[in-house]
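TrEMBL has this to say about the protein:
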- 266-342: domain 'Ubiquitin-like' (DOMAIN)
- 18-39: transmembrane segment (TRANSMEM)
- 66-84: transmembrane segment (TRANSMEM)
- 96-116: transmembrane segment (TRANSMEM)
- 169-189: transmembrane segment (TRANSMEM)
- 196-218: transmembrane segment (TRANSMEM)
- 224-245: transmembrane segment (TRANSMEM)
Amino acid sequence: MSMDEFYNRFKMKARDNVLLWAVIVVMILFAGITERFGIASTRPFSLNEIPISYPYIANEKYSDKLLLFVCFLVPLAVTTALIFSDGKSREFQRFYKTISSFTFAMGLAVFITTFLKVRLAKLRPDFLARCGAKLKKGDLETVMFTVDICTAPYGEFVLNDGFKSCPSGHSTVSMCGMLFLSLWLYYTYAREHTNGIVKILCFTPLLVALDVVTSRIYDFKHDYYDVTLGSVIGIAATLVAVQFVHLEELKEEQELILPPEAADSTHINLKVTDGSSEVFFKIKKVTQLKRLMEAFCKRQGRQPNSLRFLYEGQRVEPEDTPESLEMEEGDVIEAHREQVGGSI
């Protein structure tokens, strides 16, 4: 498949799922804008609070760019490479399901996390270092202070970010990315494997997520509650995406690709092939073949008018039925790319 054909099929498939992709784009844009420009709610604080008195560490173990690379780009690269190299069929369908479900999971996870960050306004463990409080005469007797006493030695952005401790975004993204990769490996290669070690190995990417999560504690960016809630959000978003996007699309596809069964008096099994793949359909003998043709085109990621269908050398019309064409059990319908002008 050429890159142009691949791109056109992806664009066509995305157009069929325009609502899903619109939701994904909105969630990711909201998260990005809120994280970069959103001003969190502020709350009064005490200069004697030990939980917010840790030093500010500029060089984190996992920077934002490194997190994006490890927990977003790497899972995408690994799944894509395996899809197009493992010898299994239906590469495009598997790729599309993976991309759509993974981006939905990540979008949902960061959307929830960034929203809660600005609403909860929990102070980071290194908040007082970010604040750089400067007291005025007469402030010594004050118990609770506002952000007005802060000098922001590391800049206003760093100070504002000090009010966004909960939930942990790094924990959310890492758990979402690594759990999705683990579940993808399990469902693709190990679910029916008899060796339990193979199943366990599929979940080793979670060790990377655990390293990211724990690093946020010893970098003094979050406490245990922050990383726990962030991890739960990442896990929940992944499970939602796998259940309602990935598995639902797989179920829908399987409903269109039925194994051949013995025909009864009202149904018939037909095979549709385009030369590189074949699909079995069980339909009623009086059902218009338009439904079969549309189902095959949808599975191939093509527009219904982009293929022409032939039975015994003659073109199949949408209003034809197996009964009208006197089809028999196991007959084959050939699918060919439509030529310019639509004639054969």
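Note: Cβ is positioned from N, Cα and C throughout, glycine not excepted.
Note: the stretches the transmembrane segment (96-116) and the transmembrane segment (18-39) are in contact (3+ CB pairs below 8 A, sequence gap of 6 or more). Helix, strand and coil content of the domain 'Ubiquitin-like' (266-342), in residues and according to DSSP, is 14 helix, 27 strand, 36 coil.
Outside the transmembrane segment (224-245), and at least 6 residues removed from its termini, the chain residues within Cβ reach (under 8 Å) are 20, 97, 100-102, 104-106, 108-109, 112-113, 116, 122, 165-177, 179-180, 183, 209, 213-214, 216-217. Summarised as a single figure, the pLDDT of the domain 'Ubiquitin-like' (266-342) averages 84. Remote same-chain residues near the transmembrane segment (18-39) are listed as 100, 103-104, 106-108, 110-111, 113-115, 117-118, 160, 169, 245 (criterion: CB distance under 8 Å, separation of at least six residues from the stretch ends).
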